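S.K.: Once you've had a glance at the structure underneath, I'll fire off some questions.
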Amino acid sequence: MNSPLRGIWLWLPLLLTWLTPEVSSSWWYMGATGGSSRVMCDNVPGLVSSQRQLCHRHPDVMRAIGLGVTEWTAECQYQFRQHRWNCNTLDRDHSLFGRVLLRSSRESAFVYAISSAGVVFAITRACSQGEVKSCSCDPKKMGSGKDSKGVFDWGGCSDNIDYGIKFARAFVDAKERKGKDARALMNLHNNRAGRKSVKRFLKQECKCHGVSGSCSLRTCWLAMADFRKTGDYLWRKYNGAIQVVMNQDGTGFTVANERFKKPTKNDLVYFENSPDYCIRDRETGSLGTAGRVCNLTSRGMDSCEVMCCGRGYDTSHVTRMIKCGCKFHWCCAVRCQDCLEALDVHTCKAPKNADWTTPT
């Protein structure tokens, strides 16, 4: 082999490594490791040095993050429950989602945003519950305050969301900040949008004090809303996500279609169109929709026509136990009977030439 060709072959593996995108949020696997924080820190593959340092230095925060993974993945699956890609996770895969998030798609944008939001939520909650040594209630919410109803005293335990955001930024963004490529910038943007979304739903709660509930005195605190509000908000952002391209100097984005508005810090951004997720595809990581339950009467994404990609569906007759004939008995109980309900369940057919093994 001549010298130029030999040089190309020597460089090819490195070139492929550089060109192949990587799902960089390996910390997602923290929810599956279990055990002590040291076991967690040492057994999650792909953490960069600053993440491992934070992991060893703050084991109580890592426990909160690990528990939070279960919460935000469940929220992701709730939001995508009626779609072809249903945010399904893979056992024994440190990226949790497999190759599907290698594509810089809307789905990737949502997952990075909801995971970042989940870290903020989990850490902030752990702080308020006294489970983290390095933080507690928000120290800035002391003394008196004023709102449209008048003067009040700060009391109770205001959620220290600024600590949650600061720690989430340092931990979650660490690997992305080491990269200068387009995908790293996309992830950083969506991570930040996710963090901001939790703070958006911080609400003031108050308790009245005074004679006969006169509310002459009020004690107030700031509390995070249920995580479902954040999930619903990011779902709306997913549906309105903006496709972008890198600008010429490689430092930011510009819209792919000039007819659309420039993305704000609250918007989700993506580079690539999504696959249709209809069939199992090892290249894209799609598990397909064969075996998925569909809704025969729906006209939405969960309809048998859309979910099954026009392949048709199978119908099975099943029975299930339900509560029926419920009556209120004084005082104070509701008593029900157990009844069998017969219903039809419709599941998507597999492609005739597909290598299908298990439903998603």
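Positions of Cβ are set from backbone N, Cα and C atoms, glycine also.
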S.K.: Which of Cys324, Cys326, Cys331, Cys348 is the other half of the disulfide bond that Swiss-Prot records for Cys339?
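M.R.: Among Cys324, Cys326, Cys331, Cys348, the cysteine that Swiss-Prot links to Cys339 by a disulfide bond is Cys324.
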S.K.: Determine, on the basis of Swiss-Prot, the cysteine among Cys55, Cys87 paired with Cys76 in a disulphide.
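M.R.: In Swiss-Prot, Cys76 forms its recorded disulfide with Cys87.
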S.K.: Just confirming the record: what cysteine out of Cys331, Cys336 does Swiss-Prot connect to Cys332 via a disulfide?
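M.R.: According to Swiss-Prot, the disulfide partner of Cys332 among Cys331, Cys336 is Cys331.
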S.K.: Pick out which of Cys215, Cys220, Cys348 Swiss-Prot lists as the disulfide partner of Cys308.
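M.R.: As annotated by Swiss-Prot, the paired cysteine is Cys348.
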S.K.: Restricting the comparison to the disulfide-bonded residues Cys127, Cys137, Cys278, Cys326, which residue's C-alpha is spatially nearest the C-alpha of Cys308 (disulfide bond)?
M.R.: Cys278
S.K.: State the Cα to Cα distance, in Å, between Cys336 (disulfide bond) and Cys324 (disulfide bond), rounded to an integer.
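M.R.: Rounded to a whole number, the Cα-Cα distance is 6 Å.
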S.K.: Determine the minimum-neighbour residue: among Ser212, Asn295, listed as recorded positions, which Cβ has the fewest other Cβ atoms within 10 angstroms?
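M.R.: Across Ser212, Asn295, these recorded positions, the one with fewest Cβ atoms within 10 Å is Ser212.
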S.K.: Using all protein chains in view, find how many other C-beta atoms are within 10 Å of the C-beta of Cys135 (disulfide bond).
M.R.: 23
